[in-house]
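Engineer: First, the structure itself, so that you have it in front of you.
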Amino acid sequence: MSEFLRYDLDLRHYAAPIDWKKIFGNNKELAVEIGFGNGEFLVSMAKEKSWCNFIGFETSLISLVKIQKKLYSESIENVKVSRIDGKFALREFFSDNSVWEVYINFPCPWPKKSHQGKRFTDQGFTETLAAVLKADGNFQLISDVKWYVEHMKAFLLKTGCFEIIEFGKSDKTIVGTRYEKKWISQGKDIYILRAKKINHITVERWTWGGFEMPHVHIENVNREKILGLKDTIFKHLKGVFVVKSVYYSQDEYLLRIVSNEGGFQQRYFISVEKVHDRWLVKLDTDASAYRTPVVKFSVRKIAEVIGF
Ligand SMILES: C[S@@+](CC[C@H](N)C(=O)[O-])C[C@H]1O[C@@H](n2cnc3c(N)ncnc32)[C@H](O)[C@@H]1O
């Protein structure tokens, strides 16, 4: 394994909430950046604030690889990064009142209505901030999109948990990232929003409470039903899952699943295999998923549909 991979956390292997003190080996404050891109801001903050540990969440693999090389070459030890949706990770992997600051710099505004579930400007996200930030902890958003910053301000205020301490156009460079440089070079205005947590609320977490997974045993399977599941969509209170493909070999089926829960997408496999005289339906261990309500539901539902 490459040395720089030590910065990378595969959070599927950790029970939530994560014991960050154990991961970093110290008790420093925690700060989170979501969508760090090329990592300029995360790296400079980590160097400047060595009394704090930084966790960066990114969905882009290329960004992950780039920052790990940077962290390794500069021997920076107070940063961990993970390839995961930052909205989900902030809620699921941090205890209430545990994070000192959260930053988002130049998020994609997803202007189309059909994409609005991908925005950070929603009640679920601001409630998560109100849960995980410490008392007096801060959230900072920098963007070139005025309406996006205004929406975020409105959602923060709606929680009743934040005081706005800075809001408006900035006349100077703030974070020095690739996107900030790009928008400034195009003459765009840059907006800053800083908010301080003044009240606390808690939120429901989907994955807390261990790794238990409903492995379902069934007496027999209906082969036609399994093979006919391709492209079937199943609905659940919290989201949906679809069976994208079904693979078959002797006494074993592998179902490729895509789930979506409030915009959080997962791709994984459910295996159906013969064990002695019965069949076992379970989450395939080679491509594991976070144990969210829809993932658990998908295993039970497949067993229900194919078994008899
Ligand atoms: C427009 S770029 C900005 C990058 C960087 N912050 C900057 O200022 O240059 C947005 C970044 O957010 C990442 N991203 C988008 N949605 C995300 C999510 N839900 N969780 C984590 N990262 C996300 C994208 O992969 C992309 O790198």
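A Cβ is built for glycine as well, from the same backbone N, Cα and C atoms used for every other residue.
Whatever TrEMBL says is automated annotation, not expert-curated.
Given the structure is predicted, the values throughout are model-derived calculations rather than measurements.
Feature table excerpt (TrEMBL):
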| type | residues | note |
| --- | --- | --- |
| BINDING | Glu33, Glu58, Asp85 | S-adenosyl-L-methionine binding site |
| BINDING | Lys112, Asp144, Thr177, Arg178, Tyr179, Glu180 | substrate binding site |
Engineer: Record lists Lys112, Asp144, Thr177, Arg178, Tyr179, Glu180 as binding substrate; longest Cα-Cα distance in Å?
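Structural biologist: Maximum Cα-Cα distance: 25 Å.
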Engineer: Around the C-beta of Glu180 (substrate binding site), how many further C-beta atoms are within 10 angstroms, looking at every protein chain?
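Structural biologist: Taking all protein chains shown, Glu180 (substrate binding site) has 22 Cβ neighbours within 10 Å.
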Engineer: For each of the binding-site residues (Thr177, Arg178), count the other CB atoms lying within 10 A of its CB, then report the residue with the highest count.
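Structural biologist: Compared across Thr177, Arg178, the most Cβ atoms within 10 Å surround Thr177.
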Engineer: Could you tell me which of these binding-site residues, Glu33, Glu58, Asp85, Asp144, has the greatest number of Cβ atoms within 10 Å of its own Cβ?
Structural biologist: Glu33
Engineer: For the binding-site residues Lys112, Tyr179, work out the Cβ neighbour count at 10 Å and name the residue with the minimum.
Structural biologist: Lys112
Engineer: When you average the Cβ positions of Glu33, Glu58, Asp85 for the S-adenosyl-L-methionine site, which other residues in that chain have a Cβ within 8 Å of that mean position?
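Structural biologist: Other same-chain residues near the S-adenosyl-L-methionine site: Ile34, Gly35, Phe36, Gly56, Phe57, Thr59, Ser82, Ile84, Gly86, Ala89.
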Engineer: Just the number: how many Å between the Cα atoms of Arg178 (substrate binding site) and Glu58 (S-adenosyl-L-methionine binding site)?
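Structural biologist: Cα-Cα, rounded: 15 Å.
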Engineer: Given the binding-site residues Asp85, Lys112, Thr177, Arg178, return the subset with CB under 6 A from an atom of ligand 1, ordered by sequence, or none if empty.
Structural biologist: Asp85, Thr177, Arg178
Engineer: Which of the binding-site residues Glu33, Glu58, Asp85 has its Cα closest in space to the Cα of Lys112 (substrate binding site)?
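Structural biologist: Considering only the listed binding-site residues, the nearest one is Asp85.
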Engineer: What whole-number Å value do you get for the CA-CA distance of Glu180 (substrate binding site) and Glu33 (S-adenosyl-L-methionine binding site)?
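Structural biologist: Rounded to a whole number, the Cα-Cα distance is 15 Å.
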